[in-house]
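Positions annotated as domain 'DUF3772' by TrEMBL: 132-185. For 602-669, the entry in TrEMBL reads domain 'Mechanosensitive ion channel MscS'. Sequence annotations record features per position, and here TrEMBL assigns domain 'Mechanosensitive ion channel MscS C-terminal' to 677-759. Annotation source TrEMBL lists region 'Disordered' at 777-817. The signal peptide annotation in TrEMBL covers 1-22. Per TrEMBL, the feature transmembrane segment maps to 208-225, 246-271, 283-306, 326-343, 355-376, 406-423, 429-447, 468-489, 509-536, 557-580, 586-615.
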Amino acid sequence: MMALLRTLLIALTLAFLPAALAGPGLIGGATAQQAAPMPDYEQWRQTAARANSAIETARASTPALEELRAQLVDWRDRFLAAQTANANAISTVQAQIAALGAPPESGEEAPEIAKQRAELNDQLNRLTAPVRQAQLAYSQADGMIKGIDSIIRDRQADELLELGPSPLNPKHWQPGVNALAYTIDTIRNEVVSAWDGETRYTEFKNDLPKVIVLAILGLVLLIRGRFWVELAARFVLPSRVSSAHWLIALLMSLGEIVVPFIGLLFLIQAAHSSGIVGLRGDLVLSALKPAFFIFLLVRWQALRVFPRVEAGRLPLQLEPEQRRSGRWYGGALGLIIAAFYFFRRIGEVNNWSEAAVNVILFPVMVIAGLLLIRLARLLRRHYKNIAADETADTYRNRLMRLLSQALFLLAVAAPALAAVGYYKAAVALMLPSLLSLILLSLLLILQRMVTELYMLASRDREGAADDLMPVLLSFALVILSSPFFALIWGARAADLSELWMKFTQGITLGGMTISPTIFITLAIIFTIGFIVTRLLQGTLKNTLLPKTRMDAGGRNAIVSGVGYIGIFLSAIIAITSAGIDLSSLAIVAGALSVGIGFGLQNIVSNFVSGIILLIERPISQGDWIEVGGQHGTVKEISVRSTRIQTFDRSDLIIPNADLVSGTVTNYTRGNTVGRCVVSVGVSYAADTKKVQEILTEIASANPMVLMNPPPSVIFSRIGTDAFEFDIRMILRDINWVMNVTDEVNHEIARRFAAEGIEMPYAQRDLWIRNPEALAPAVRAAGQGTPPPQDADAAPEQPERPEDPSDAAEAGPDGESR
């Protein structure tokens with residue numbers, strides 16, 4: 001599967017590479033545009049005069065204005081291509097003029113230089129004349145296009161606000177009934193007239209077997225085709241549904257659209273073979289095919305969005321009974337949309353009056369509104385089911401709630417407007433709502449398909465559906481669907497092409513134009529520079545620097561410095577190669593830098609401190625340091641902070657400014673030699689000289705203790721409970737201080753026990769001054785009776801009443817002054 005994906009990726013790359021290289025701004029683009037023929041400005045003047053007349057009078061029909069606009073767009077594209085004429089020659093002459101320098105402010109210039117400057121200026125004017133003419137014509141064509149767009153939009157707005165006949169008015173019912181009756185009578189007369197001729201009857205008898213076979217096949221496929229496809233899909237889906245099974249079932253489910261539609265085509269062919277279809281009947285059958293396809297598509301989407309079988313993740317979190325209602329509402333909505341299209345098409349063909357169209361389509365619109373209300377309730381039930389499982393109101397829940405509310409409002413507003421007489425406004429609300437639902441359901445299905453494809457590529461790995469890639473692909477589908485939503489809600493194809501043209505030309509910020517081509521060039525070059533920087537860092541870290549005598553901290557500092565310099569150079573080269581001129585933004589950038597400097601003082605300080613740490617290297621990666629009473633090993637030095645891992649395996653993040661300005665103890669800077677001090681106490685009866693000798697032997701015998709300088713034992717002090725000694729040792733590696741302390745203490749305990757030297761412990765004597773007074777209390781405690789009261793005890797003194805003078809001398813808070 002992965003090999004297939006790689007092959008597909010290579011094929012797509014080779015397919016799109018020629019188009020990419022031929023694009024504007026890339027290899028060969030400038031040459032192709034420069035070789036474009038110059039526009040015929042005489043013919044343009046005639047077209048411009050005709051367009052100005054049409055815009056001023058505003059009497060041309062909308063299709064005529066659209067055709068005129070297409071011609072203006074073609075002229076505008078020619079003028080845009082002509083603006084690149086003589087580009088190479090112009091740049092060459094400008095470089096020559098720049099090489100001459102600015103003319104002197106005082107005094108006369110050398111005659112040869114002045115003559116050459118004048119010739120170059122004249123040559124530059126001749127070369128730029130066609131460019132300026134093309135720019136002028138481009139502006140004129142663009143203004144005319146905007147004028148035509150404004151007229152068309154005004155007409156669309158006027159049509160939406162146009163008040164027509166109300167379908168609730170009984171006087172308009174008769175035109176609707178007459179229109180339907182006329183259409184039916186016309187078709188019936190065509191059928192009857194087809195049977196009048198003897199020749200036609202003979203032909204029908206000859207074609208009867210063919211007609212019967214086509215009709216039977218059509219009816220069978222139309223009635224039973226969907227059930228056969230569903231039965232085959234159920235056999236494919238096992239009890240445990242995998243991504244491959246789901247995708248196969250999805251492809252097979254397309255037969256629910258194809259098979260019944262083929263059945264309809266057989267029936268239509270049978271009708272044509274019978275000879276009973278006339279001109280009107282053929283128009284009806286032509287309108288029936290797309291209407292039936294719409295019904296099949298919407299019903300198929302309803303079965304996917306509200307599935308019968310809970311196969312994996314459900315698009316909507318609904319109960320089985322609610323999903324069954326959703327399938328019914330979806331199928332009915334497909335039928336309503338098909339009927340809406342069918343009757344509108346028949347009305348256009350038969351020239352129904354506006355009153356007849358309003359009356360005939362009003363019931364269809366009311367039923368569609370009721371179905372939309374039902375679907376809005378299902379969406380509300382969906383986000384309520386999700387909200388019950390989640391503690392917080394997520395963005396998706398809020399979006400679903402907003403969508404359900406919007407559907408409810410549209411379902412009510414559209415029939416209400418149609419009832420009043422604003423039929424076109426009602427259609428402009430109802431039809432886009434229905435088509436948007438179709439597109440949204442299709443998006444849900446495509447997103448599920450993308451997720452299943454990703455899970456298939458990852459071999460159904462658990463949790464793959466929640467990865468970032470499926471989310472990004474789903475987001476890309478939403479972005480790609482935005483033009484279709486715009487077309488559904490009334491945007492013209494010309495509006496979208498205009499937006500795309502503006503997008504490809506780019507936007508201008510401070511005299512600098514940023515276009516997609518520039519952005520792609522910038523991204524590609526920066527990515528290449530970033531990759532090269534990472535490769536160079538890896539080579540230095542793993543190949544070159546380990547062979548030097550540099551310590552680990554120095555190697556890491558060099559690798560980090562190369563990374564920062566590489567990224568900076570990649571950004572500069574990318575900006576320069578993309579043709580972005582930042583000189584026009586220098587003043588704005590200077591002002592922003594002042595504001596950023598005040599607002600980000602700490603960040604800038606930490607950044608500068610990080611650079612100082614990497615250059616001066618007071619600490620390096622792997623050093624054992626002490627900062628603010630915290631001990632740990634330096635794990636990473638970045639431009640903003642330093643990460644220290646303490647001895648209890650927790651990370652300590654310290655800003656670089658604190659390391660530069662504060663006090664830091666580095667136990668392993670330069671070398672790993674360090675001192676270890678072990679304290680021990682002995683009893684007062686011990687021989688201090690002997691103890692000192694034993695401790696010296698113990699320290700000297702440890703392999704981690706250096707002999708130069710030799711270890712020393714100090715009789716530090718005579719304590720309250722013992723004679724106290726300090727063993728001071730210089731270790732080869734201070735990182736082994738805990739191990740050495742442990743070994744020395746064990747050896748001290750063993751040698752002291754062998755030599756009979758006692759380890760002191762604190763002893764205290766307790767003197768009781770009146771033991772005879774405690775004897776009765778002890779006896780009473782043993783017998784469980786309360787102790788007797790002492791007759792000689794002094795009586796409890798009553799509490800002395802508070803002296804008013806004391807209160808007077810107290811402060812406001814009760815404390816004495």
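We count from 1, first residue shown onward.
Glycine is treated like the rest: Cβ placed from N, Cα and C.
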Exercise. Are the transmembrane segment (355-376) and the transmembrane segment (208-225) close, by which I mean at least 3 Cβ pairs under 8 Å that are 6+ residues apart in sequence?
Worked result: no
Exercise. In the same chain, who gets a Cβ under 8 Å from the transmembrane segment (468-489) while lying at least 6 residues past its ends?
Worked result: 432, 435-436, 439, 443, 446-447, 450-451, 454, 495-496
Problem set entry | Residues of the parent chain within Cβ reach of the transmembrane segment (326-343), under 8 Å, 6 or more residues beyond its termini | 287-288, 290-292, 294-299, 301-303, 305-306, 308, 316, 318, 357, 360-361, 364-365, 367-368, 371-372, 374-375, 378, 431, 434, 437-438, 441
For this session: Between the transmembrane segment (283-306) and the stretches 246-271, 406-423, 429-447, work out which stretch tops the count of Cβ pairs under 8 Å.
Result: 246-271
For this session: Average the per-residue pLDDT over the domain 'Mechanosensitive ion channel MscS C-terminal' (677-759) and send me the rounded value.
Result: 91
Seminar exercise, completed: Given the transmembrane segment (208-225), its same-chain partners at Cβ distance under 8 Å and 6+ residues beyond its ends are 255-256, 259-260, 262-267, 269-270, 273-274
Exercise. What does DSSP give as the helix, strand and coil breakdown of the domain 'Mechanosensitive ion channel MscS' (602-669)?
Worked result: 21 helix, 26 strand, 21 coil
Seminar exercise, completed: Contact set of the transmembrane segment (246-271) with the rest of its chain, CB cutoff 8 A exclusive, min separation 6+ beyond the ends, reads 210-211, 214-215, 217-223, 225-226, 228-230, 232-233, 236-237, 277, 281, 285, 288-289, 292-293, 296-297, 299-300, 303-304, 311-312, 445, 449, 452-453, 456
Exercise. Who are the chain neighbours of the transmembrane segment (406-423) in space, where the CB to CB distance is under 8 Å and they lie at least 6 residues beyond its ends?
Worked result: 160-168, 354, 357-358, 361-362, 365-366, 368-370, 372-373, 375-376, 379, 429-430, 433, 437
